[in-house]
Every structure is written in structure tokens, then in C-alpha cells.
């Protein structure tokens, strides 16, 4: 279908074969190239923020000695992970709308004009990244907490004997011991660099933010299912799949080379 000017009423055998024309159009259509750029920006931002914040939170929480507080925080930050994006999107629309809670606070405290976070191209990407972080960073934090819990206590004892402060112990003991897990997660995330989160963006975006919020998956959805360009939509999807496969292979090799991690 990606190599055809596909018409549903003609089927696969009756539709005209056009070779690589659909793939050439990917780089000729401004909307398609912008969707690729948006996908990369949003996905890379999610990966970077989604690694740094859980690491920081895991280190901070590991320093808490009260077990009850630690368990409570773990539960609270992990709960959003189980919510669907449909549910989260409804919450975000209510909170970030023109008459939502955030704008009510801003106008009350600072007297500013309401900000349409989900309708302003300049704020939409940040809104997407932050909401994804809120929903998913709890899972990463627990992974890093488990890594910290597995560090040999004798390393810290030796550091204390040498006069290292808590901050020095974190910098010279905790982080180096966490590095293999960080490398594994970072390299495996490389394979999903073209996956900016269809469920999230589809439920939050609108025509006002296509310039900064339209990603490959939403572009394929509109061009194929809504506009009837089935061949072109399939070509864009195939392009994404091939690039993602290449990135997954690269990520797997990097994980094995840098952290000696392999699945088979």
C-alpha cells in the first residue's frame, strides 16, 4: 500500500503502483517534515527529562530514613502511571484551560491574562513533556531506587572512613554505581526516539498547535484515516518503522557495549 495510490474501492490489486512517490512526498510536504521535527524534539525532551528527574528524585528519596514517608512518596508518585491518557487528558484540560485552576491562580496572584496552555504553540511542547513526566517518572524513580538499594554498603563505609560528606558519597559512590542502569535505560530509550506518544498528544492537541505539536503518528492518522491518503499515510508509517528498527538495533548494541546488557 505504501507504494500505491491506494483507493479502497479498487483494492490492493486494482490501485495504481507509483513506486517511491509516496516516500518522496514525505520530504516535500511541509506538514510531514514538520511532524518529523516535532516528533524528534518532543521525544528527545521526554527522554532527557525522563532520565534526569527520576535519578534526582531517587537519590533524594534514598536519603530519607523514615520508612513510612518513603513508602508513601513512592506510592503517590507511582499512582499516575496506572492512569490512561484519556483520564489524564481530561484532568489536564480542566486544570490548564482558560478558566482552569492554573489560570485562576495566575490571574489572582499576578493579574495576568489567562494562558491557553493547550492552544498556544509556544507552550504546548512544554505542557506535553511536563505532563508525561508527571505521569511516568514514578516508574523510573522506583527502578533507580532499586539500583541504589543494591549498592554494597561497604562502599559508603569506606567513603565515610576517608572523610567523605554525604554529597561526596552521592557523587563518587551512588552515581557511579547507578551508571550501568542509566546507560541501559538511556540507550534503550534511543529505540523509541520516534515515538513521541500518540495517545497523549491525540487527546490533548488541536489545530491551533499543529505547528509544534503534530507528530508522525497524528499526521499519519489525519492523512490516511481522515483525508483518505491511505498510501501516503502508510508510507509515513513505514518510514517511521524502518528508522525505529535501525535505532533499536543501534541501542541494543550500545547497551551491550557500554553496560554489558543483552536480552539474548
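Note: Cβ is positioned from N, Cα and C throughout, glycine not excepted.
What TrEMBL says about a protein is an automatic prediction, not a curated fact.
What you are looking at is a predicted structure, and each value in this text was computed from that prediction instead of being measured.
As recorded in TrEMBL, the features of this protein are as follows:
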type	residues	note
TRANSMEM	35-61	transmembrane segment
DOMAIN	36-251	domain 'ABC transmembrane type-1'
TRANSMEM	73-93	transmembrane segment
TRANSMEM	137-158	transmembrane segment
TRANSMEM	170-194	transmembrane segment
TRANSMEM	230-255	transmembrane segment
Which of 35-61, 137-158, 170-194, 230-255 contacts the transmembrane segment (73-93) most, counting Cβ pairs under 8 Å: 137-158
Long-range Cβ neighbours of the transmembrane segment (170-194) (under 8 Å; 6 or more residues past either end): 39-40, 43-44, 47, 50-51, 55, 59, 62, 140, 143-144, 147-148, 151, 155-156, 159, 164, 216, 240, 243-244, 247-248, 250-252, 254-255, 258-261
